[in-house]
Amino acid sequence: MGVLMKRKTLEIADDGYSFIINFFDFLVINFSLTLVFAFFAHEPSPFDLLYGIFVSVTFVACGHYVGFYDKENRANFRRMTLRLLGNFLLVEFCVLSITFFFAFIDHVNVQGFIGNIGLLWFICSFLVIWSSRVAVYYVTKYIGRHKKTRRIAILGMTTAGLAIEKALLDKYKNTNFEISYYDDRGEERFSYLTKSQCKGKVNDLISLAKQGKIDDVYVALPMVAKERIRFFLHQLSDTTTDTFVVPDLFTYNLNVSQICRVGNVDTLSVFASPFEGIGDAIKRLEDLIIGSMITLLISPVLIAVAIGVKLSSPGPILFKQDRYGLRGNKIKVWKFRSMKVMENSDVVKQATKNDPRVTKFGAFIRRTSLDELPQFINVLQGTMSIVGPRPHAVAHNEEYRILVDNYMIRHKIKPGITGLA
């Protein structure tokens with residue numbers, strides 16, 4: 001029992017690609033900096049080299065945040081290019097903010113990073129990294145098409161079987177492969193949904209596997225069939241096929257989940273915030289930089305609306321209303337006052353067309369969403385984000401959580417100004 005408790009229940013498979021490509025990008029960013037300085041400027045100073053290391057680490061960290069290093073990008077050229085562009089834009093925001101910080105605080109000479117040298121540096125880095133991914137894409141595609149046909153069997157025409165078939169079709173679309181189903185039940189159950197044929201019963205699969213005619217087997221039976229799964233795994237252990245078990249997570253109607261390790265125990269994260277650790281720090285930095293820029297740009301509009309609210313009716317210009325924020329904690333959301341009254345009780349009546357409580361100017365700013373602009377104050381305070389689900393009044397929130405399944409999951413991230421779109 002003690003030995004069993006010390007064993008790792010799951011080990012995440014890693015083909016080494018992630019480490020190699022991360023290290024390659026790190027070197028490219030630094031080498032591009034040295035190259036640009038050698039050709040167009042001077043010998044890089046220790047500060048320049050340290051700055052290059054900082055940008056390299058930032059690029060890799062942001063790449064994981066925006067999904068640039070996801071395995072799906074290997075075979076999806078368009079998605080890879082878009083993620084790379086997004087990564088460079090995010091890195092540029094981070095680099096420029098730190099650059100101006102050094103220039104302002106310590107009077108460090110950073111002209112090279114905001115002038116032609118900085119531009120050439122980013123162009124060189126982008127072209128090298130993009131070209132390397134294109135090369136990997138086409139080399140992988142060429143090798144895949146010249147390898148022998150991969151023979152894949154799915155044990156069980158189930159919901160999990162349909163899901164793994166779809167994933168396999170996408171994974172091996174640039175290679176030679178053949179997918180077949182094997183199930184003791186009638187194939188008419190899901191045959192109208194599958195793209196692959198049912199080739200026989202489970203015993204036929206076991207026989208073919210023992211003859212070495214199957215390369216991969218994916219066991220996709222319902223979780224309640226644990227005895228059958230155990231029996232089939234025992235049979236397949238007497239073969240040389242690569243065998244995989246597809247957990248029937250569809251039973252639980254999960255939307256998004258991750259495997260998380262707690263000590264030596266692997267757990268399935270079902271309801272958890274997607275922004276933890278470095279992801280949370282990057283999103284906060286992104287909100288601060290973009291939020292500050294937008295607030296500065298819209299300041300004339302804020303002043304004009306504030307004057308309009310003050311002249312339209314007596315009362316304060318701004319109105320704070322209770323909302324649920326991250327993890328369901330109550331926050332105060334700022335808005336321009338659009339009504340003659342300020343409702344923030346347990347029961348809030350939804351505004352209607354020609355509502356007598358709404359002022360004429362209030363109707364205008366509600367129609368144009370100008371009343372929401374003060375929420376950039378919330379973004380800078382850290383209680384809201386630029387992108388996130390719109391916060392509802394507490395009274396409405398309590399009503400919706402009863403009517404809508406999984407409604408409270410929206411509070412796993414900060415509420416936002418733009419919504420999730």
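Just so it is clear, glycine is given a Cβ too, placed from its N, Cα and C backbone atoms.
Database features, via TrEMBL:
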TRANSMEM  20-41  transmembrane segment
TRANSMEM  47-68  transmembrane segment
TRANSMEM  80-105  transmembrane segment
TRANSMEM  117-140  transmembrane segment
DOMAIN    283-421  domain 'Bacterial sugar transferase'
TRANSMEM  288-309  transmembrane segment
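The stretch with the most CB contacts under 8 Å to the transmembrane segment (20-41), chosen from 47-68, 117-140, 288-309, is 47-68.
Non-local neighbours of the transmembrane segment (47-68) in the same chain are 22, 25-27, 29-30, 33-34, 37, 80, 83-84, 86-87, 90-91, 94-95, 98, 108, 112-113, 125, 278-279, 282-283; each lies 6+ residues outside the stretch with a CB under 8 Å from one of its CB atoms. Sorting the domain 'Bacterial sugar transferase' (283-421) by DSSP state (H, G, I as helix; E, B as strand; all else coil) yields 67 helix, 21 strand, 51 coil.
The average pLDDT for the domain 'Bacterial sugar transferase' (283-421) in the predicted structure is 84.
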